[in-house]
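Peer 1: Heads up, here are the entries from TrEMBL:
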type     : residues : note
REGION   : 1-203    : region 'Disordered'
COMPBIAS : 1-11     : compositional bias 'Basic residues'
COMPBIAS : 27-57    : compositional bias 'Acidic residues'
COMPBIAS : 58-72    : compositional bias 'Low complexity'
COMPBIAS : 73-87    : compositional bias 'Acidic residues'
COMPBIAS : 124-137  : compositional bias 'Acidic residues'
COMPBIAS : 143-157  : compositional bias 'Basic residues'
REGION   : 246-281  : region 'Disordered'
COMPBIAS : 254-277  : compositional bias 'Basic and acidic residues'
REGION   : 308-336  : region 'Disordered'
COMPBIAS : 322-336  : compositional bias 'Basic and acidic residues'
């Protein structure tokens, strides 16, 4: 009796457990309609089974044998189908059934280098929204980016590095032939003679100062006229232009006065030394070094100043020396 019940349970479900490989041309079956039809058939079969229990008891041996044969065949077919299921018949259908969450997790698990390596320039255009903005002109025909990276610097104060492998143009002119062949125009009245030494140039400068000493009075009269025009003018732009011109003339005059003072100090020392040699006190004159000349020039300049003017001059000189020393320092130590 138990054997007949097992055969009854296996017989109706043996057809459902069989797996049949779907063909490519056939449409997908409608599982909902099949399930309803099978459920109705199962109900009818249960009623028929209850009515024909006696007939099946008599044929139990024959049915059990046929059921065992069918079970063996179904198991063989199941094994074959399981081996075929390892390789999906249609990969696109299998990939379409994967959820987007699983795809995102799989992509996040990949390293960034491998994802960047497998990505192609053509995929970026049809990829994310952020990549859709990139124009196709950013890549050449080999898939390389046309945008060159910015040359890095060691720090923000370092100069920008430029390549030295740029070819020099063939149109360059190494020597200016026109300027080399044609001598520069010069006025012999204002300058040393040709092929002169440093002593000749110094004597020529002294002679020039003596011969054109009247230009100093002309400069003073021009400065007085500029001061008068600055007071009378009402245009702010014209007034600024006149003030700049006046400041330029004053600076030139002060520079000339400093040079005259230096020459005067040096000339006085030379006259004293020559007088001592002429008197026989010294066998040869002693000439001052450049540093000693500057010291005497500063002493002579400060003697004609008041105490307040001397303090201001010392402060200006100190600032000038500090700025000169800072320029001589390396770039890394300037900011300290």
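Here the Cβ of each residue, glycine as well, is placed from N, Cα and C on the backbone.
Where the annotation comes from TrEMBL, it is an automatic prediction and has not been curated.
Context for these features, please: burial, neighbours, distances.
Peer 2: Beyond its flanks by at least six residues, the region 'Disordered' (246-281) meets 206, 209, 216, 219, 222-223, 226-227, 230, 287-288, 293, 296-297, 300-301 of its own chain at Cβ-Cβ distances under 8 Å.
DSSP assignment over the compositional bias 'Basic and acidic residues' (254-277) gives 24 helix, 0 strand, 0 coil.
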